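Going by Swiss-Prot, these are the annotated features:
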type	residues	note
DOMAIN	2-233	domain 'ABC transporter'
BINDING	Gly35, Pro36, Ser37, Gly38, Cys39, Gly40, Lys41, Ser42	ATP binding site
Amino acid sequence: MLDIQQLVKTYENGHQAVKGVDLAIHQGEFIVLVGPSGCGKSSILRSIAGLEAITSGEIHLAGRRVDNEKPANRDIAMVFQNYALYPHMSVYDNLAYGLKNRGVSKATIAEKIAKVAKTLKIEEYLDRKPAKLSGGQRQRVAMGRAIVRDPQLFLFDEPLSNLDAALRAHMRLEIKKLQRELGVTSVYVTHDQVEAMTLADRIVVLKQGEIEQIGTPAEVYHQPASTFVASFIGSPAMNFLAASISDGKLQLAGKQWSVPYDANLNCNTLTLGIRPEHASLHPVDDAIELSLNIQVVEPLGPNQLVHGKINGEYGDEDFIAVTAEMPLTIGDNLPIWVRVEQLHLFDEQEKRIPISAQSPSVDTHQQQRQQQ
C-alpha cells in the first residue's frame, strides 16, 4: 500500500538523516516508527507527507509514485504534535476548512462532520474555539480534521507528547480503537516505546537514519535484533552482562552452563541480556543461577524494582530485577534464576545470536577447581 524504496534525505549542512530506507506497509496496517532523537523517524514521516524534499529514492502510495507530487495531491492527512488548529475558527470550521478548499458541497461537509464528531465524541464542541478546549479535546479535533478528508494514509507526528501521562494513556486507546474502526493505513512517529508497543501492528526501530529492526511488538520485545533494540524497547531496560562462550558453554560469574546455539560459536566478548521481569526468586528448571547484591529497592505498589550488582565475567555490573513486593535488606545477596529460553545472546557486533531452549548444565568440575 505504502512502498518506500531506498529513501535518502540529506540536509544542506551535509547531515544525512535517512540512509537508504526500504519499507513496505500493507493496507490497513498501523506502523510505528520509533527511536531516539535524531534517528530519522520525523524526516521519514515528513518525506512521506511531502513536507521535506527527498534526496533520492521513491515513495509509492497505492501503486502511484507520490514523492514528486505536491503534498495536497498525495491524499495523505497528518496529525501534528501541536494540533495545528486555526485559533480564530470554531471547531466546525476547522473540520470543514480542508473540504471547503476542495470544493466539497456544504451538505456533504455537514454530513461528514456530523459523522466524525459523533465518532470522536466532540459534537458539543463544534461551536467552540480551540482556546476553550482541553489538550485532549484539541487532539480529537485535530484527528477529526484528518478523518473528514477520508485520506488513503494517516500520518501521526508525536501527537500525544503535549498531553499529561493519564491523558496520553487514554488517547492511545482512542487512537487504536479509531484506527481499527476506520481501517486506514497509518504511520505513527514517537520516541515513546510504550506508545510503540501498545499501538503498532508492526514497529520500525530506527538508529542513526537506518532501520535496526522491523517486527510485531512481541517480536521486537522478545527477539531484539541488537543490544540497541533490546535497550530501547522495554521498561526497565534489559540488563546486559559481559560473558563469554567456548565449546558450547556460557561462562559467567565463575560458572559454566551448556547453552544451545546456531553455529560453532566461540566468543570471548559476548553480551548476555536479561529482562528485569525474567529474574525469578525461586528455583526453576532449565535456568542459570546468579547472585544479586542488593543496593536500592524501589517499591511500585504491586511490585518493586531491585537494583544491585551481579558479578559478571569482568567485574561487578549493574542489574535490575522486578520482583513481587517483599521486605529485602540492602547489602544482602539475593539468588535469582533465569530460564535459558529467556536469555538473550549478542555477539561482538552487538547483534543477536539466535538460541533455543535447552537444559543447561553447570560445569561442576570447574566450580570445584575454583573452590580449591
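Backbone N, Cα and C define each Cβ position, glycine as well.
The structure displayed is predicted, hence computed values, not measured ones.
Locations of recorded Swiss-Prot features on the structure.
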| residue | record | Cβ within 10 Å |
| --- | --- | --- |
| Gly35 | ATP binding site | 27 |
| Pro36 | ATP binding site | 12 |
| Ser37 | ATP binding site | 7 |
| Gly38 | ATP binding site | 14 |
| Cys39 | ATP binding site | 23 |
| Gly40 | ATP binding site | 23 |
| Lys41 | ATP binding site | 27 |
| Ser42 | ATP binding site | 21 |
Remaining residues near the recorded ATP site, that is with C-beta within 8 Å of the centroid of the site residues Gly35, Pro36, Ser37, Gly38, Cys39, Gly40, Lys41, Ser42: His191, Leu206
Overall pLDDT for the domain 'ABC transporter' (2-233), taken as the rounded mean: 94
